[in-house]
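Novice: To start, I am sharing the structure in question, which I have written as structure tokens.
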Amino acid sequence: MSRIKDKFKDLRSKNQKALIAYVMAGFPSERDTISAVRGLVKGGADIIELGMPFSDPLADGPVIQNAGFQALQKGMNLAKFLVMVKKIRKETDIPLVLMTYTNILYSHGYAKFISTVKNAGIDGLILPDMSINESKDFLQAAKKNKMDVIFLISPNTAPDRIKKISNLSSGFLYLVSVFGTTGGQQQFQNYTTHAIKNAKKILGGKIPLGVGFGVSNPEQARFIIKSGADAIIVGSAFLRLIESTSPEKIESKIGSFASSLKKATITE
Amino acid sequence: MKLGYPKDGKFGEFGGRYIPETLVPAVEELEQAYLKYKNDAEFKKELHYYLTQYAGRPTPLYLAKNLTKFAGGAKIYLKREDLLHGGAHKINNTLGQALLAKRMKKKRIIAETGAGQHGVATAMACSALGLNGEVYMGYKDTQRQKLNVFRMNLLGSKVHPVKEGTQTLKDAINEAIRDWITNVKSTYYLLGSAVGPHPYPVMVRDFQSVIGDEILVQMKKLEKKSPDSVVACVGGGSNAIGTFYPLIDEDTKMFGVEAGGEGIKSGHHSATLVGGSKGVLHGMLTYLLQDKEGQISETHSVSAGLDYPGVGPEHSYLKDAKRVKYDAVNDKEAVEAFLLLSKHEGIIPALESAHAIAYAVKMAKNMPKSESIVVTLSGRGDKDVEEVGRYLSKNVKNKR
């Protein structure tokens, strides 16, 4: 079993849904990221996604782009990322998922990169530009290191392909809720509800479904959970809050925001 | 060695489709449409009509006598893509893709542009075919290529300056891809070079192969044989792959010339194949300029059109297969060639093409007079006059 699988099993037994929170490693500083992670844990986040910045984040909207840009300017790299993960691991057993782009792994070598981050305490990987069609070497390296691989699906992904993608995923499956990049704040349309229901039907309970991109407040979280998602994924909203909060208040502010989102996932 | 149409989009290990899932149905739809129409008689007829009647094909293969005399060796022929409507080879591709977009019933066209030549060619094709064009262009490029921004506006397309990242071509591509993800159902992404996810590299190559096809016919008429050598500049590599591909099985030496900027050792260059390593960017596995952490490097070139840290995957394949030799020419040599061709032949080349000219002149010197080199003059240089002026005044100042 993996930390992610255990987490979902535990939540199921409590009849709960998951809050998955994204923060960018090193934004606006390494210390602030750690404060934010503490807040997330206290606030009841179930899984944390740690973003590793990439120079050309083509699936991300302005908020994550900017956070990544600042983290890179301050020198975030694999070595520093590992130090941060190890620090976090000393404090918590929460599942940690690394989200970045394919080239970061490719340039270090899939196998080497995956075994290194696994040893530091990373449980899963999300690469928005890794298509299953190109994933053979990547999957092999992940499997060897018992690393969960979370692929993404979209509202326009064909049913057959959802099946294929879910068969190659472990931990959970990531449904992109809207046509767009991360951080959009528009109202959800009918197609999002439809996509969630459709995906759930195809998955048949074999793997949890997380829904993200554009989920930024408790009201939206409630809507997504009501539509049938097993987890909500929130990123840009946390980054916006981190950016507008003074360092000493990050932990408490992030904590209370996380807790409001987590509450929204609990349906009566 | 000719790879034809690779079903999985792979040129050896290069190419492929490293894209967000939202785009998968879009590239599959595009591939189906391209496979359906590429050999369709009606489509070919219409494309041929626009290429000949609107764009001005075929382009001449001009023996540059004065330049040949100056170099004092092999004959230098210029494939005059600069004479095409719009002033560059880009229109070969934009007409092809715009006709395809029309058949796919997509009315909104988006494109990226570096120097602005692809943006202009897209704007022209959209205007001629009744489509709505929007062009992403790095803010830095809008500043150094103001004329082309003005032209695109005149031609009825909207220009979006991109202020993210390095504000050049790669960031314009990122922004165009983000737009495409957001508007995937209504929008056709008209990519300007032989880069990106499959089927773009192969499709752009096919539309640009008209260059090499004509060279072969023209040289057999003029010299009774295929060219001994061909030279083309390589940024993303569309004019180069269009030049090389039809000649791959001929007995022709091929040279791709990248932008050496301020020199490979300086780190300020765009010579991806000469100084790069393998990686994944913009949907493809190819050679890239990147640091050891996998972050894409800032590139530099005096020519905006070559200022790109990646390269078409088929070039990566041809490099590793040793079928094409890739080399670099620096800013200074390119500007000198720009001046040289203007003065000796009365032809102002695009700064991009000036890289190929510089290389061909060097090569010609060491080749016998009985041999011939064909240089693809991918575009004309009116757009670069100001930039060259700036370069010259800056470098005169530095010398003082």
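Backbone N, Cα and C atoms are what each Cβ position is placed from, and that goes for glycine too.
Grabbed the feature section from TrEMBL, which reads as follows:
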- A:E49: active site, proton acceptor (ACT_SITE)
- A:D60: active site, proton acceptor (ACT_SITE)
Novice: Please state whether DSSP places A:E49 (active site, proton acceptor) in a helix, a strand or coil.
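Specialist: Reduced to three states, the DSSP call for A:E49 (active site, proton acceptor) is strand.
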Novice: Taking only same-chain residues 6+ apart in sequence, whose CB is under 8 Å from that of A:E49 (active site, proton acceptor), what do you get?
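Specialist: Non-local contacts for A:E49 (active site, proton acceptor): A:I20, A:A21, A:Y22, A:V23, A:L96, A:V97, A:L98, A:M99, A:I126, A:I233, A:G235.
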Novice: May I ask you to report the DSSP-based helix, strand or coil state of A:D60 (active site, proton acceptor)?
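Specialist: Coil, per DSSP.
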Novice: Within 10 Å of the Cβ of A:D60 (active site, proton acceptor), how many other Cβ atoms are there?
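Specialist: That number is 26.
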